[in-house]
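Feature annotations, courtesy of TrEMBL:
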TRANSMEM  5-25  transmembrane segment
DOMAIN    27-278  domain 'NADH:quinone oxidoreductase/Mrp antiporter transmembrane'
TRANSMEM  31-51  transmembrane segment
TRANSMEM  63-84  transmembrane segment
TRANSMEM  130-149  transmembrane segment
TRANSMEM  169-187  transmembrane segment
TRANSMEM  194-211  transmembrane segment
TRANSMEM  217-242  transmembrane segment
TRANSMEM  254-274  transmembrane segment
TRANSMEM  280-300  transmembrane segment
TRANSMEM  307-331  transmembrane segment
Amino acid sequence: MMNILLKPFFILFLNTMLLGIIISFSSDNWLGVWVGLELNLYSFVPLIIQYGKTYEYEGAIKYFVTQAVASSVMIIGVMCGFWFNYWGTFFIYMGLVIKIGLVPGHFWLSSTMGVCSIPICWVISTVQKLVPITVLLMLFTFGGVNMMVSGLSSLVGGICGMNQTLIRPLLAFSSIGHMGWVVGAGMVSSKISFFYFLCYVLIISSVFFVVDKLKVVNGFVLSVGVSSSYICVFFVVFLSLAGVPPFVGFFPKVCVMVGVLNNGFYFLLLLLVLGAVMNAYYYMKLGFVSLIIFPLNKIVFYSNHYYVYWVLSFWFLLSAFIFIPFVVFILV
């Protein structure tokens with residue numbers, strides 16, 4: 001991995017990818033936002049195929065085609081906006097929905113992440129969603145449409161995640177569900193939405209860190225045959241992602257639920273909670289099944305630095321109390 005990081009092409013494309021994000025955030029018109037997203041796209045695709053493996057080419061093609069379609073829809077919306085304001089706004093909105101991977105533009109995310117490496121999956125789940133989700137929440141206030149997209153994304157993320165047998169597609173559907181929560185939070189308050197997205201990035205980064213250090217046998221059904229410390233880390237990060245108290249993921253969900261409830265969006269709250277319950281179900285199943293079939297599978301950690309994983313697990317438990325003042329500030 002370090003050899004890849006030091007190669008000139010990696011440094012070049014990484015810098016241009018970040019430059020695209022900066023251009024999008026600093027633009028005051030739709031064309032500038034679109035140009036930044038395109039620069040980001042064309043810089044990210046070469047990073048997907050950095051190892052030159054066959055499945056990486058498949059993932060790069062899937063990602064590029066989908067994002068190119070979304071960009072085409074966006075530029076059509078930009079052009080239509082000069083004459084047909086309603087249709088222009090609709091096309092831009094749908095382009096952003098496809099780029100983020102929200103329902104109904106979620107069809108590409110699981111198949112793409114299923115054939116990408118773990119670091120690339122992390123970038124798709126976090127960095128590549130930063131500009132589209134920010135633009136969507138800041139500039140679009142379609143109450144009914146946002147409610148439908150938010151609720152269905154949470155529901156689809158939960159239902160489809162229950163049918164997955166591989167860890168990366170499962171995390172892809174988890175990302176769809178969490179982005180639904182972010183959009184739902186944006187209907188209430190931009191502060192709550194930002195807080196939820198920040199916590200999501202923090203948690204999913206730790207999840208991918210743990211998964212990247214594992215050698216998984218027989219799909220996603222895992223068991224630990226080395227030390228009980230591994231199962232502790234594994235449980236903690238996934239329970240936090242599921243939003244189980246008292247871990248980090250619980251508090252942003254509470255903020256969103258209180259805000260949605262205070263604004264009278266009861267049906268949206270029902271859909272969000274149903275999706276979250278299904279997410280929690282398959283996260284806990286992921287761990288409990290590993291204990292039941294302990295002799296059949298094994299997890300091999302590539303690192304022998306046990307203290308790193310213990311520190312990570314205890315940090316997730318204790319940091320829940322660090323986030324309590326932020327929760328009080330947002331709710332007040």
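In case you wondered, yes, glycine gets a Cβ from its N, Cα and C as well.
Distant neighbours of the transmembrane segment (130-149): 21, 24-25, 33, 36-37, 40, 89, 93, 96-97, 99-100, 102-103, 179-180, 182-184, 186-187, 190, 193, 197, 265, 267-268; these residues of the same chain sit at least 6 beyond its ends, with a Cβ under 8 Å from one of its Cβ atoms.
Panel annotation: around the transmembrane segment (5-25), residues 32-33, 35-44, 46-47, 50, 127, 130-131, 134-135 of the same chain, lying at least six beyond its termini, place a Cβ under 8 Å from a Cβ of the stretch.
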